[in-house]
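Participant: Before I ask anything, here is the structure I am working with.
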Amino acid sequence: MAAPKVAVVGAGVVGLSTALCIAETCPSCSLTVLSDQFSPNTTSDVAAGMLIPHTYPGTPIHVQKQWFKETFAYLFAISNSAEASEAGIHLISGWQVFKNTPKEELPFWSDVVLGFRLMSGAELQKFPQHQFGQAFTTLKCDCPPYLLWLEKRLKATGVQICTRKVADLWELHSEYNVVVNCAGIGAQQLVGDKKLFPVRGQVLKVHAPWVKNFIRDGDGLTYIYPGIHRVTLGGTREKENWSLSPDPGTTKDIFDRCCSLEPSLQGAQDIKVKVGLRPSRQGVRLEREVLNQGGVKLPVVHNYGHGAGGFSVHRGTAKEAARLVGECIAALQDSSSRAKL
């Protein structure tokens, strides 16, 4: 058959990296990314981009760990290259602190990040309200430059990038042989996924260049993540809240919580407020499906529902989605050669 035509719907970090993995593993296919929103207007642009996994209750831990390992290895290689600055990726050290000792003192990802250890008593003196902590070095991705870097890589490999609102995956069946759904929270409407819900996140981006280490409260609600140009202060996790408008009361609450962890932030300047809707479900939806209307079939690969942990696993899930696309293409070629017989 002629070069198979593949469309990826969605241009956040999951959509762009999935497209890049498909381009790498299936160079013979004709690939297009379709989205009505691109950087700087995606949910990924709001994300802090820290590689600290969030656990998905609906996904086996060994699978989550593999996704994280692949993502960490991929970004670590970029951080050690001349492209690190353009891609917005750098190593960062810091602390995760707990008011009470957690059930698991060693999280499943502790041997993937670098230099993981329990904090000493002397270190914990910096956090008088906390009694237990972990110190490690991980990777931080400044999201807008990383998305632009992915787009540039895609264009260099000949991938078409088009602004288009897709209301129904079936509308693509006459133009494409395989469709990949990376629509994030948009998948709730696009494929009617009732298990998908928004978790609203409000964060502050501040100028505080003296803050060099990340600090994260073990409950995951309060965090300070220094980027290359700005420090991300968070945050909120508001289930089923669709509002994209910043809430001034929430801004004050986030700022006060972060200042209690790092008092020097009182001197932070130029505070910008960002809001994003994390596409959340019990587990990432990463699977093949065949849509069928009147005997006409459209193979679809779904890769969405990464919630708050998208950056930590994006490359691992993209590789798996690309493998599933390869299976779809092999099945199409098999059926087309059988039809010729």
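Note: Cβ is positioned from N, Cα and C throughout, glycine not excepted.
What TrEMBL records for this protein is below:
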- 1-19: signal peptide (SIGNAL)
- 5-324: domain 'FAD dependent oxidoreductase' (DOMAIN)
- THR43, SER44, VAL166: FAD binding site (BINDING)
- TYR223, ARG278: D-dopa binding site (BINDING)
Participant: Let me know the largest Cα to Cα distance in Å among the FAD-binding residues THR43, SER44, VAL166, as an integer.
Facilitator: 19
Participant: Would you pick out, from the binding-site residues THR43, SER44, VAL166, TYR223, ARG278, the residue whose Cβ has the largest number of other Cβ atoms within 10 Å?
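Facilitator: That would be SER44, with the highest Cβ count within 10 Å.
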Participant: Rounded to the nearest angstrom, how far is the Cα of ARG278 (D-dopa binding site) from the Cα of VAL166 (FAD binding site)?
Facilitator: 20
Participant: Mean pLDDT across the domain 'FAD dependent oxidoreductase' (5-324), rounded to an integer, is what?
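Facilitator: Per the prediction, mean pLDDT sits at 97 for the domain 'FAD dependent oxidoreductase' (5-324).
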Participant: At the Cα level, what's the spacing in Å between TYR223 (D-dopa binding site) and THR43 (FAD binding site), rounded?
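Facilitator: Approximately 18 Å lies between the Cα of TYR223 (D-dopa binding site) and that of THR43 (FAD binding site).
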Participant: Between THR43 (FAD binding site) and ARG278 (D-dopa binding site), how many Å separate their Cα atoms?
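Facilitator: Counting only the Cα atoms, the answer is 7 Å.
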Participant: Fill in the CA-CA distance, SER44 (FAD binding site) to ARG278 (D-dopa binding site), as an integer in Å.
Facilitator: 9
